[in-house]
Structures are given as structure tokens and as C-alpha cells.
Amino acid sequence: MNFDYRVWKHVFKLDPNKEISDADLEAICESGTDAIFVGGSDGVTLNNTLDLMSRVRKYAVPCVLEVTTIESLTPGFDLYYIPTVLNSKDASFIVGLQHDAVKEYGDLMNWDEVVTEGYCIANPDCKAADYSNANASLSLEDVVAYARMSEKMFRLPIFYLEYSGTYGDIEVVKEVRKVLDRTRFYYGGGIQSAGQAREMAMFADTVVVGNIIYDNVQAAIETVKAAKG
Ligand SMILES: CC(C)=CCC/C(C)=C/CC/C(C)=C/CC/C(C)=C/CC/C(C)=C/CC/C(C)=C/CC/C(C)=C/COP(=O)(O)OP(=O)(O)O
Ligand SMILES: O=P(O)(O)OC[C@@H](O)CO
Ligand SMILES: [Mg+2]
């Protein structure tokens, strides 16, 4: 197990609001992926988060909570990924919810476990865009500027290009690659096959695979080797 998120090339994102059988969960956790992320954009509660965490914890794989609601925060994860939605029209999703959480938990926090993700949501039709009130109809130049801001202005550890639910534009991914050096480049959205995982992994540092887990677990598992090479 390697807990250094800076070397992860492939991660699975499990949604606490979705059912997964024990057999499929075992296959996912033992697939050779670098980490399991727990997160979703709706229906995430403390109960379903705790349930999924305890099931993933049976396996020797790093387990990360991607925090989308303050109610689902719980100890027990290896790392806490905190999104800031760079292209939100609502300051709550850029710094507001994070401010509320740090006010409440600041004294308890182990900052070594906290990793901030600069999210750029590029699929206007996804739930995450709706939930965070993002201006997700972006040109290539818009996305590249958010990537540059993440690294050069805000020194964020992660820039996350989020196409949740749809396969992204490879030309955009290629251009983002060119402007990121120290900030880690996460790509997520619509990966349904080994070929797509391999294509995105040529440019992104870390490939995130989500929904296909629930539709075709075998196809999901094949993305691991494809992304990690
Ligand atoms: C108590 C305790 C254990 C404390 C530990 C200390 C600690 C780590 C504290 C953290 C403090 C902190 C700063 C917390 C942040 C709190 C918070 C609520 C932040 C908000 C972050 C934010 C802007 C969220 C919105 C971003 C977003 C929309 C993400 C969605 C990404 C995603 C999961 C997309 C996929 O969704 P899905 O449901 O799968 O969608 P589809 O159905 O379309 O596939
Ligand atoms: O569910 P998919 O479309 O694979 O996207 C993965 C991840 O980026 C969602 O936050
Ligand atoms: Mg999903």
C-alpha cells in the first residue's frame, strides 16, 4: 500500500448512495488500484459513508473520503480530499463550505491528512455541476486558465478536470497537461473501457473511474492495468 497520493495513477470512486455487492467490492478493492475514494454528489449521509468505509477497510488499499457534505465527515479515512470548485458561480463552493468546516473542526484537524482539489467541472449536464452551481460550459482556454491558476496562483496539490458521466475532450486534456508541472492532474469522467483509461492516462497523472463500477465491474477492473501500464 502506498499512501503517497502524489504517485497514484488510478483510483476508483465509490458512491455511498449506490449499492455494491460484497463480491464486486472485493474485486474493486483487490484490483491493484492505488486507492478507493468514497464520494458522490447526492444522497451522501453519515450512515452510508460509514457503512462503505467499514466495508472497504477490510482490504489493504488506501481509503479516501472526498468530502461533499459536512454531515458525512467522520474519522477513519486515510486522507480527506476537499474540493474547491473553481468554476462555481457560488462562493460557498469555492471557500464557503470549507470555511464553515474549518471553523467547526479546525482544532481537531490533522492537516497532513487534508488534500485540496481544485475542481474544474466541464460537463454542464452532470449532477456535480448542478449541485455546485458551476459555469461548466467552458472553452479550452477557460479550462487551461483554471489549470494554470491552480498551480501558479493557488499552488494547489491537485487540479481535477471533472467530466463526471461523460468522456471528456482529449484535446482539452492534452492542453491541460502542458501547463501543469507540480500540481497533480486528475482526470475523471465517463471512462468505460481499458482503451479510454489508457488514453487519459497518457496525459493525466491520475485517472478516476466511477460509474462503470456499477454497470460493468469487469470493464472497470480492466481500467486499472490500462492506466497503470
Ligand atoms: C470530524 C472529522 C473526522 C474531521 C476530520 C478533519 C477534516 C479532514 C476536516 C475537513 C474539513 C473541511 C475543510 C471539510 C470540507 C467540507 C465541505 C462540505 C466542503 C465542500 C466541498 C465542495 C465544494 C463540494 C462540492 C464539489 C462537488 C460537486 C463534488 C462532486 C464530485 C463527485 C463526487 C462527482 C460524482 O458524483 P456522482 O454522485 O457520482 O454523480 P453521477 O450520479 O452523475 O455519476
Ligand atoms: O463516474 P465517472 O463518470 O466515471 O466519473 C468519475 C469521477 O470523476 C466522478 O467524480
Ligand atoms: Mg457517479
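Just so you know, glycine gets a Cβ as well, placed from its N, Cα and C.
For Tyr163 (sn-glycerol 1-phosphate binding site), other Cβ atoms within 10 Å of its Cβ number 24. TrEMBL lists Lys13, Tyr160, Leu161, Glu162, Tyr163, Ser164, Gly165, Gly190, Gly210, Asn211 with the feature sn-glycerol 1-phosphate binding site.
A coil conformation is recorded for Ser41 (Mg(2+) binding site) in the three-state DSSP classification, outside any helix or strand. Close to Ser41 (Mg(2+) binding site) in the fold, though at least 6 residues off in sequence, lie Thr68, Cys126, Lys127, Ala128, Tyr131, Ser164, each with a CB less than 8 Å from its CB. Residues or ranges marked as Mg(2+) binding site in TrEMBL: Asp15, Ser41.
With a CB cut-off of under 6 A applied against ligand 3, none of the binding-site residues Lys13, Ser41, Leu161, Tyr163 are retained.
Selection of the binding-site residues Asp15, Ser41, Leu161, Tyr163 by a Cβ distance under 6 Å from ligand 2 yields an empty set. Among the binding-site residues Ser41, Leu161, Tyr163, Gly165, residues whose Cβ is positioned under 6 Å from ligand 1 are identified as Ser41, Gly165. Cα-Cα distance from Leu161 (sn-glycerol 1-phosphate binding site) to Asp15 (Mg(2+) binding site): 18 Å (rounded to the nearest whole number). When the CA atoms are compared, the binding-site residues lying within 10 A of Asp15 (Mg(2+) binding site) are Gly210, out of the candidates Tyr163, Gly165, Gly210.
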